[in-house]
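Shown next, in structure tokens, is the structure this report addresses.
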Amino acid sequence: MATHEEFIRTQVFGTVFEITNRYTDLNPVGMGAFGLVCSATDTLAQQPVAIKKIMKPFSTAVLAKRTYRELKLLKHLRHENLICLQDIFLSPLEDIYFVTELQGTDLHRLLQTRPLEKQFVQYFLYQILRGLKYVHSAGVIHRDLKPSNILINENCDLKICDFGLARIQDPQMTGYVSTRYYRAPEIMLTWQKYDVEVDIWSAGCIFAEMTEGKPLFPGKDHVHQFSIITDLLGSPPEDVINTICSENTLKFVTSLPHRDPVPFRERFKTVEPEAVDLLEKMLVFDPKKRITAADALVHPYLAPYHDPTDEPVADAKFDWNFNDADLPVDTWRVMMYSEILDFHKIGGGDGQIDTSATFDDQVAAATAAAAHAAAVAQAQAQAHSNSSNSNSSSNVNSKSKAARDSANDAITNYGNQAVHYANEFQQ
């Protein structure tokens with residue numbers, strides 16, 4: 001079993017990184033709302049990696065569920081154009097670390113340094129659509145596709161990352177999720193009832209930005225964003241307006257003066273016709289008339305790279321049964337531990353649940369394991385209490401400490417199996 005001594009602590013931007021000695025040379029490369037990302041060297045594989053620390057994943061049930069979702073997606077989605085999970089571990093402080101390939105830069109940074117030549121625009125768009133074809137075939141929507149979520153290495157290999165916002169293809173989806181410039185109009189117009197087509201819109205915006213070197217729809221706010229979209233596409237058609245669910249949004253849209261669309265060939269005069277044709281098929285107001293990733297791959301513009309024998313789909317749909325679950329933190333904790341153990345092919349531990357079982361069965365097993373841990377903690381705390389001298393303040397302090405330690409030992413005993421792999425796999 002891994003001990004605290006098997007992990008090395010270091011401060012990065014005031015944040016404690018607690019990793020095994022397999023990983024060295026930590027340098028910060030990015031900071032998100034829920035985690036810090038560092039580059040590092042994997043001394044076992046002899047290659048650079050990115051390590052994302054999920055801070056306090058078990059502090060709330062919402063954060064625990066979000067982390068569980070991201071882990072499940074990273075385990076399920078395995079494709080050349082998606083960032084792939086190489087390692088995952090739980091530190092003694094119960095932070096979770098995801099280890100993935102390290103790409104040299106992202107598309108956002110690349111676009112700020114120089115304009116892209118035609119062949120790079122083609123190749124990057126091809127890889128984006130190739131990745132989306134796979135993601136969508138798995139029943140997953142990225143929802144936050146933007147240049148900073150598209151990673152590129154020195155060989156121009158492209159990988160889509162950050163599936164933290166990814167969701168099921170669900171007929172009733174709500175909320176603002178994607179960065180405004182790349183947000184599909186159906187998200188702005190309805191805030192629900194959207195599908196995989198939102199990713200195609202985002203990819204179209206990225207395509208235009210790669211072509212022109214600047215964002216196509218740089219909206220200052222929600223209203224301005226919609227306005228500059230209609231500057232190009234014209235007013236939304238009636239069948240799109242009829243899908244608007246928000247009464248206020250409907251009043252706003254119908255109050256606007258009618259606008260005629262600008263022909264794409266006039267707006268993009270310096271762009272080759274085949275590129276303009278594909279872009280026009282991606283940026284369509286009606287999501288049901290928007291081209292799919294699979295169809296876009298066979299478009300003549302991408303002919304130099306299209307290979308129907310090497311554009312795979314997912315082996316199975318992603319299981320979203322957990323998505324509506326409202327579970328306590330300790331249940332999510334046990335399920336997370338089991339996923340980590342499963343990733344490292346470690347089995348046979350006490351209470352370990354079968355990650356291939358139905359979600360309901362997993363929840364039942366995880367709930368039982370968490371309840372058992374709590375019962376053990378309570379029994380051990382009571383035993384300490386009975387054997388202590390209640391009149392001694394030092395004993396009272398010892399008793400409280402023993403109870404805390406007992407509870408911690410009980411609930412983390414299950415999870416220590418997840419830490420255990422450090423001995424077997426990281427040396």
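Note that Cβ sites are derived from N, Cα and C of the backbone, with glycine treated the same way.
Swiss-Prot lists ASP144 with the feature active site, proton acceptor, giving sequence analysis as the kind of evidence. Look at Swiss-Prot and you will find VAL29, GLY30, MET31, GLY32, ALA33, PHE34, GLY35, LEU36, VAL37, LYS52 tagged as ATP binding site, backed by sequence analysis. The compositional bias 'Low complexity' annotation in Swiss-Prot covers 380-400. Summarising the annotation, Swiss-Prot assigns domain 'Protein kinase' to 23-302 and lists sequence analysis as the type of evidence. For THR174, the entry in Swiss-Prot reads phosphothreonine. If you look up Swiss-Prot, you'll see TYR176 marked as phosphotyrosine. Residues or ranges marked as region 'Disordered' in Swiss-Prot: 380-409.
Locations of recorded Swiss-Prot features on the structure.
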residue	record	DSSP class
VAL29	ATP binding site	strand
GLY35	ATP binding site	strand
ASP144	active site, proton acceptor	coil
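Here ASP144 (active site, proton acceptor) is positioned 17 angstrom away from GLY35 (ATP binding site), judged by their C-alpha atoms. Within 10 Å of the Cα of ASP144 (active site, proton acceptor), not one of the binding-site residues from the list VAL29, MET31, VAL37 places its own Cα. Neighbour counts were taken as the number of other C-beta atoms within 10 angstroms of each residue's C-beta; across the binding-site residues VAL29, MET31, VAL37, the minimum falls on MET31. Over the domain 'Protein kinase' (23-302) the predicted model carries a mean pLDDT of 89.
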